[in-house]
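Q: Copying in the features that TrEMBL gives for the protein in this structure:
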type	residues	note
ACT_SITE	SER149	active site, charge relay system
ACT_SITE	ASP226	active site, charge relay system
ACT_SITE	HIS260	active site, charge relay system
Amino acid sequence: MALTQVSSSKCCGGYQKVFEHDSTELKCKMKFAIYLPPKAESAKCPVLYWLSGLTCTEQNFITKAGSQQAASEHGIIIVAPDTSPRGCSIEGEDESWDFGTGAGFYVDATQDPWKTNYRMYSYVTEELPRLINSNFPADPEKMSISGHSMGGHGALICALKNPGKYKAVSAFAPICNPIQCAWGQKAFSGYLGPEKSTWEAYDSTVLAASYSGPELDILIDQGRDDQFLSASQLLPDNLIAACSEKKIPVVFRLQQGYDHSYYFIFSFINDHIKHHAKYLNA
């Protein structure tokens, strides 16, 4: 699969790059960002996948989160894909910020007109890792996943649906129980159809309740002053209850005064990279 380099900037001794490629899953051109730490020049490195939230591209995380310093120190490659297919000329794809473009919700759509292109789950879990492992000095045995908001939902479902695939998972302000919130209900009914039983395959609270696999260590940070927490879009308590029932270890930190923004992510990203490094560099 041919990769085209879009940009490259030296950062923290390594390189922050962006590439474009033709995606077989999404049937369109896709961009992803990749940070290559200094260690990648001489050895294979573990990979942390970062999934961004609603309206984001591959740019938001790499320009705002400040992840490169810790990734450089721990010798971790960070891959940040876009949040949806782009430019597919699907009627209605640009009509709302929380559905369609920039809002792929990390599911494989089953409904027309979305099902041909909107296959972000398979893109993130299958196509993208294959691409990274074959084109970069990545250790294919060592990957983990993190994300924010819609991307936190994505990270959690990817880890819970694929026991053992990801060495660790973390999330910032994730949408924990999408079948119970307005964002999730809008996205799932559009991408997956009216049959609510099909939605459960992409809900981390439901998935946690039936998880059986190797121990998964989950770190979640949530801002106490997050407007979407108070609007009942995120519902972390439901996930925590499901995890404690199944004895899945979760560190949940409610951070006083923080909101839903990248200022919040920037404040705690080092803790998350350290959490992943503990498992990726073990």
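Cβ atoms are placed via backbone N, Cα and C, with glycine included.
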Q: I want to check the contact list for HIS260 (active site, charge relay system): same chain, sequence separation of six or more, C-beta distance under 8 angstroms. What comes out?
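A: The answer is SER149, ALA173, GLY223, ASP226, GLN227, PHE228, LEU229.
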Q: Please compare the active-site residues SER149, ASP226 by how many other CB atoms fall within 10 Å of each one's CB, and tell me which has the fewest.
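A: Candidates: the active-site residues SER149, ASP226. Fewest Cβ atoms within 10 Å: ASP226.
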